[in-house]
Structures are given as C-alpha cells and as structure tokens.
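Feature annotation from TrEMBL assigns domain 'EGF-like' to 76-116, 117-155, 156-194, 195-235.
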Amino acid sequence: TDGFSYDHRARQCVDVDECRTLPDVCRGDMRCVNQNGGYLCIPRSLYNQPYRPETPALPEPCILGYTPAEDGTCNDIDECETNSHHCNPTQVCINTAGGYTCSCTEGFWLIGGQCQDIDECRYGYCQQLCANVPGSYSCSCNPGFILNPDSRTCQDVDECEDEPCSHGCFNTYGSFMCNCDEGFELAADGTSCIDLDECSFSEFLCQYRCVNTPGSFSCICPPGYYVFEDGRSCEDINECDTGNNTCTTAQVCFNFQGGYTCLDALQCRSPYIEVSDNQCMCSAENPACRDKPFTILYRHMDLSSGRSVPADIFQMQATTRYPGAFYIFQIKSGNEGREFYMRQTSNVSATLVLSRPIKGPRELVLDLEMVTVNNVINFRGSSIIRLTVFVSEHPF
C-alpha cells in the first residue's frame, strides 16, 4: 500500500522513508519525521526543544499519534484498539508507533482500497483438483488418488490391494483393470467374470455334442463311441473285440459304426444245403433247384448315415470263368428305394454304387445277382450275394 515498497530479497513490504526519498517534503521551518507508512512535518523549534526539569512548566504537546502521559512523556495511541483508524471494513488495522497501517489478511490482496480474495487455484497450487475459499484454498484428488501429507500433491491408489476383481487385477495410474482366466470374459460391471459358452461359437466344435463347463468345454459321444485323442472326434467302440457284447458262443458278433449285432449260425433253407459257414448251394441235380440261383453267399457290411454320394461301397466278380460265357450284374431285390445301382467295371466284375444318402439307423438286405450266360452250350444260371447293410445312426 501507499507508504511501503516491496523488498524482493526479504519478500515483504517495508516502510518508505519519505523524509529521505522525497525532496523538500516539509517546507519552511518544518522538519520531516518519518512514520510507518507515512511521515509528519513538525516545527523544528518544537522538535529540538530541550527538556528542562528544573523549570516547572506545562507538559509539551505530543506529536500526532501520541498522547501525553502523567510523567510528561508521550504514549502511542493505539488507533486500532480505540477504533479511531480509517481502515476499510475489509482491511485489518495494524498499530504502529505514532500511527497505524491498513493491511489485508493472508489470502487477500488490496485492490482499489478493498481487500479481495486471492484465487490461489489460478496459480496451480494443487496437483489435481482445487477449490477456492475466502482467504485460502483446498486441494483434492480425482478418483483413484489420495491426497499426500503436503495437502497439495496426489498419490495413486493401488485398488488391487482390496481385491476388487473376481479373477485377476492390474493396477493403472488412477484406476485399475480386471482380467479373466482363459475361458471367461469380463462382465458388464467390469470386475466379475462370466463363463464363455464355447459351445455356442460353432456347431463344428465337437463331432457329436459339446458340453460347456466353467472356463472350458468338453465333447461327448453317443453310446457305442468314445472320444478320440483330439478330444473332439468320436471313434467307434468295437464291442466284438472288447468282449462287451451279448452274443452267445453259437452266434457271430458283427461290429458296425456305433453298435454291433449278433449273427445266428447259417441255416440254409431247402432245397439249399450248407457248403460253408456263409454259403448255401442248390445242386443242379435236384429238380427243385431249377430256376433258382445256384449259390447264395451271405455278406455283411456297415455304412455311415448320410454318407456322401455317389460312393462305391461293394465289389463283386466272377470267380470262375467259362469260355464263351458273359456275365450280367444286377440288383435283384432290396432296392425298392432306389438308393443303389450296379456299375459293371469289366466283363467279369461290377461295383455296387450308393446313389442316395441313407439315414440310419437302418438295416437293408440286398440280393446282388450275377447271371452267367453261355450261348455256346445254351446255358443260363445265376448266383446271389445276399448283402446285409447296417446303416449307423450317426454320420461317423
């Protein structure tokens, strides 16, 4: 304020000695007397008048800002205590020797004779958040931080210490991140983990059926199969090899994809006679065998349900060749649905072709006929392969 100057070294306001710095501040016979924040002009005769105690006299008048004491000395008037100052209501009165000064409290500065609040937040006193209050300020921190003991700077909070995540926690500056174990994904709340249903990703994850488990999945197979080493494919269980079947000693166990069947011992119907464990023959010498196939050979095979077509599935050929003879191969019975046809591959052989996919489980019996024709000796005869096809329930 007026009457003071700022000392940069001491970083404070110091009184200006107007009596030394101002020229001819007091004129005539007046002498300049410096005051804190101002000065006084006093007659030199009054200022230099000696004290003569031997001569009783009236007390000399005191200078401005002082009042005579009983012993004749001058006592300073405390204008602040007597409320005789002229400080603005927003200012604080500070008594000085012979006067007073008007100042502002900490956190305020004097502007236009008024003490106005200093907005400390404008000067970056706080590291993060600052709230200005009259005469002071208050620092605070963003979420994820705490205020340091200096009440100005902020320190990151390690939220992971409180274990907010259901699985893994990674602390970040001012926050944290949760992560989940393999097979889980982060829920909408950002902290808990929910199981991933891997089975919903693809219908080809397992060959048969996918079962979701916490954090993973497993593949299962239908009865008659086991899960292969890859954990996803299904392999047939050969119940005939493992002995896990119900066939009697008089029966023959036949394995097919996903199951098995027990074949009874061959019984040839008259007029056929058994010539081996899978073949019946009707002798040409027997009149009852006229117009009947010479032999019936029994065969069995398995077929996967829905197998892609066309597919060569069975081959037959003449085992005995006669000079001048030719052979005709055909499906005599069992092909009512026209799922098969015969394709002749040579003069003495043919292949059974699957032309339409067949859905299982199903059992079909095909009579595959080989007709032998010899015009030289005027001979015509036939042989039958009675092929039983076991179609599995599943396409594997």
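Every residue, even glycine, has its Cβ placed from backbone N, Cα and C.
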Give the residue counts of the domain 'EGF-like' (117-155) per reduced DSSP state, in the order helix, strand, coil.
4 helix, 16 strand, 19 coil
Tell me the residue counts in helix, strand and coil for the domain 'EGF-like' (76-116), as DSSP assigns them.
4 helix, 18 strand, 19 coil
Confidence summary for the domain 'EGF-like' (156-194), mean pLDDT rounded:
96
